[in-house]
């Protein structure tokens, strides 16, 4: 009975769906539109077996389109998860072919790679390196554009690292989902579709491609170092911080509209991966009552990003410790406001800090990722300072 299609004549109408669980007093039914409902047995007048069976959560295989030469890298996350209908939790991992089948992409995926499968909250900086190496492998196998399926919680960290670590990139779209891919409400279909359009475009940049609004008609491509997850659950969780998105992709037409005229075009030069990394860097958010002695822990680090208040400030109590640390390690100042700029000369506190710290633009997360990249590239403090200022 479980997994079979039934027609139920009930007190409130006729319903067709697959039985995915039977309890003493009710059936749990999966409707053909993907939603699940419960029907009390006492409300069923008649039920008919329609002689069709499924495995719960099973998807058809993808069909070749005959155009395109894209690569697909799977790293885990909600986009590749299924709901376990027995527990109600999101846990099981889908087969990659199932994931690609649900989106019915307009271009063919020719190369598939998966360096690891993790939820993004479990990723560490060394995983960013593995993603970049996977991108490099996929490119060398002939991919002309690449989609990276990734958990959304820390996707903006990974996209920022890939942005710095790849020279002359082909179009690379990081994407994910806020709803698991077997749900009727999933955002994975539009996100994967839009990512394939971006990956086949003439934009030579690493980007995050996700829903533009809560509706299913457009997605946006955001530069990898400018994207940030700004909502925990909404489909349009990712926003472009302090600059316009690169492009808008329309669904289902597939039209790509350039928004940011300062985009980098796809290059004829070979893409080169330079995955520099040193994890002896930290991101520290200051707050009222922050104890300066906390900074003692980081004395043996090589760099610190301070997410300051307002335009990049800290309390006066932190200045002596930060000044002392700056003799041996890089101190960068950014703003925890997320939107807006830092500036060292508007307030006197900024002038004090700028005597030994470097003011940086962009999000705290982007500057933390940039720091770890630069620490892996440069060996001395002067070189670190110059490179942190030079890179966007």
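Placement of Cβ uses the backbone N, Cα and C atoms for every residue, glycine included.
Copied from Swiss-Prot, the annotated features are:
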DOMAIN    68-391  domain 'Asparaginase/glutaminase'
ACT_SITE  78  active site
ACT_SITE  152  active site
ACT_SITE  153  active site
ACT_SITE  229  active site
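Shown here: features listed in Swiss-Prot, placed on the structure.
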residue : record      : Cβ within 10 Å
78      : active site : 23
152     : active site : 25
153     : active site : 18
229     : active site : 21
**Q.** Confidence summary (mean pLDDT) of the domain 'Asparaginase/glutaminase' (68-391)
**A.** 95
Q | Cα distance (Å, whole number) from residue 78 (active site) to residue 152 (active site) | A | 8
Q: Provide, as an integer number of angstrom, the distance between the C-alpha atoms of residue 78 (active site) and residue 153 (active site).
A: 10
**Q.** DSSP three-state assignment (helix, strand or coil) for residue 152 (active site)
**A.** coil
Q | C-alpha spacing of residue 229 (active site) relative to residue 153 (active site), in angstrom | A | 7
Q. Where does residue 229 (active site) sit in the DSSP three-state scheme?
A. strand
